[in-house]
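In what follows, a single structure is set out as structure tokens and then discussed.
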Amino acid sequence: NPSHNSTILLPALSPSPKVRGTHPDCSIVLHFQKREAECLERIRSESQTPGQEGCPTEWDGVSCWPALPLGQSRAVACPDILHVFKKSKGLIQRNCTERGWSVPSPPYHSACQLETPGSDNDTEATARHFVTMKVLYTCGYSTSLAALLLAIGIFSCFRKLHCTRNSIHVHFFTSFVLRGTAVFIKDGVLFSDESIDHCTMSTVTCKAAIAFFQYSVLANFCWLLVEGLYLQTLLLLTFTCDRSYTCGYVLLGWGVPMVTVGVWVLTRLQYDNHGCWDDYSSPYWWVIKAPILLAIFVNFLIFLNITRMLAQKIRCPDLSKTHKQQYLRLTKSTLLLIPLFGVHYVVFALFPEHVGVDARLYFELVLGSYQGFLVALLYCFLNGEVQAEIRRNWGKWQRSMESNVFNLATQDFTA
């Protein structure tokens, strides 16, 4: 009975928490979907050839049984899938009888030793773990969004802060805002309804949310690269601000991600249009991953080069004390900007997606959610130029208020 055999997967899949874009159990679901599609395609091709006797090809929910003449038997091996079956060398046999295929013998759960799910306590603990993680990264992205929007407002309102350097910072802040917003949109689309299986969801809204998320992540990494390139340009040009590079920076920060995600969307539509496009095991994921890794490693090289240039300038005997202090401040800032350059992602880039999943989740979701706040803090709130401009405008506003109060009091007295 196909419906009976397919239910043996439910214990392994039921504890899967629904707070992440791609849970490892989704790969199991997609694996069986792919095998089923291949089997159904085989059944359709055989149905076009009439006159076959015996038992036709059948999908029983776990394995595909090829057509077999009457009176013969066939054996298949256990599916080689981690976290579902303990054994992959066990054999299940079925006979072709006059009444059709016989019941699998021995049953899958006996021959393959079905992995038993954790206890109720373990399941509850896992659920609490992921709920806690979601609360933490929600708070992180909310804090970052508030800080980034305030920083963008500060750079936009004060005219004296308008320059190429701060313009790049605003674009950088905007990429973080898009990334945080995309996370909330993705969570809302994928996990708003607990009754919907996000592994098999395949709607236009879902795919659009994932595409927007991938664009915001890629744009964020590209603007990280722009910040690194610009800092190196400042050192090479002896702190002169060259506006001729601005258009190139904008094309790199927003244009490259747009083209890359466009190619990825067209590729998925043409060759791999299943699910919600959040399956990172797909080979087409490299269309997105390759530019991200390239940006990370280039930024890492830029960081090493900047450190070398600063060390040379600081050791220069002809350098004045004022300039040496300026370079020392820049060195400290550069060391603080290591996480902003994405150097830490190099560690994760060297390992496959399934290695160190818990550590990766904590770093990318929880700690990564506060990255935007750190960016706003370093580039805006702790920026001496910004602080001086705020103090100047605050003093100007106070003097204006005092003048208005004095004028009102004088008018009342003369009246």
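Backbone N, Cα and C atoms are what each Cβ position is placed from, and that goes for glycine too.
Annotations in TrEMBL come from automatic prediction, not curation.
Residues annotated as domain 'G-protein coupled receptors family 2 profile 1' in TrEMBL: 38-116. Across the domain 'G-protein coupled receptors family 2 profile 1' (38-116), the prediction's mean pLDDT works out to 80.
The feature domain 'G-protein coupled receptors family 2 profile 2' is assigned by TrEMBL to 133-383.
Marked as transmembrane segment by TrEMBL: 135-158 (among others).
The list of residues near the transmembrane segment (212-237) in space but at least 6 beyond its ends in sequence, with Cβ under 8 angstroms from a Cβ of it, reads 21, 164-165, 168-169, 171-172, 175-176, 178-179, 181-183, 185-186, 245, 249, 252-254, 256-258, 260-261, 264, 288, 291-292, 295-296, 298-299, 302-303, 305-306, 309-310, 313, 334, 337, 340-342. According to TrEMBL, the feature transmembrane segment maps to 212-237 (among others).
Taken from TrEMBL, the feature transmembrane segment applies to 249-266 (among others).
Taken from TrEMBL, the feature transmembrane segment applies to 286-306 (among others).
Residues annotated as transmembrane segment in TrEMBL: 327-350 (among others).
The transmembrane segment annotation in TrEMBL covers 362-382 (among others).
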Same-chain residues near the transmembrane segment (249-266), Cβ under 8 Å, at least 6 residues beyond its ends: 168, 171, 175, 211, 214-215, 218-219, 222-223, 225-226, 229-230, 284, 287-288, 291
Per-state residue totals over the domain 'G-protein coupled receptors family 2 profile 1' (38-116) - DSSP helix, strand, coil: 14 helix, 23 strand, 42 coil
